[in-house]
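Q: First, the structure itself, so that you have it in front of you.
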């Protein structure tokens, strides 16, 4: 029983840490073509993509007024 609890806690912690990588992603393009020997070799074309996504306060509940996310204000920056 204890082994299952420890395994479940470790799996949950791993999923939480794996999701943290998505939260620190950057939308800036920073590619570089270094030491390219020809005219057409090593050309880099990157387009920075920024899509503001508002995901705070989006929960599903049966009774919306008792929801802890009710009344939250979210702003896209």
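For all residues, glycine too, the Cβ spot is worked out from N, Cα and C.
Remember, predicted model here, so these are calculated numbers, not experimental data.
In case it's useful when we look at the structure, here is the feature table from Swiss-Prot:
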{"type": "DISULFID", "residues": "56-74", "note": "disulfide bond"}
{"type": "DOMAIN", "residues": "36-76", "note": "domain 'Chaplin'"}
{"type": "REGION", "residues": "38-54", "note": "region 'Forms amyloid fibrils in vitro'"}
{"type": "REGION", "residues": "57-72", "note": "region 'Forms amyloid fibrils in vitro'"}
{"type": "SIGNAL", "residues": "1-25", "note": "signal peptide"}
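I'd like to know what surrounds each of these features in this structure.
A: In the shown protein chains, 10 other C-beta atoms lie within 10 A of the C-beta of residue 74 (disulfide bond). DSSP assigns residue 74 (disulfide bond) to coil in the three-state reduction, outside any helix or strand.
Across the region 'Forms amyloid fibrils in vitro' (38-54), the prediction's mean pLDDT works out to 71.
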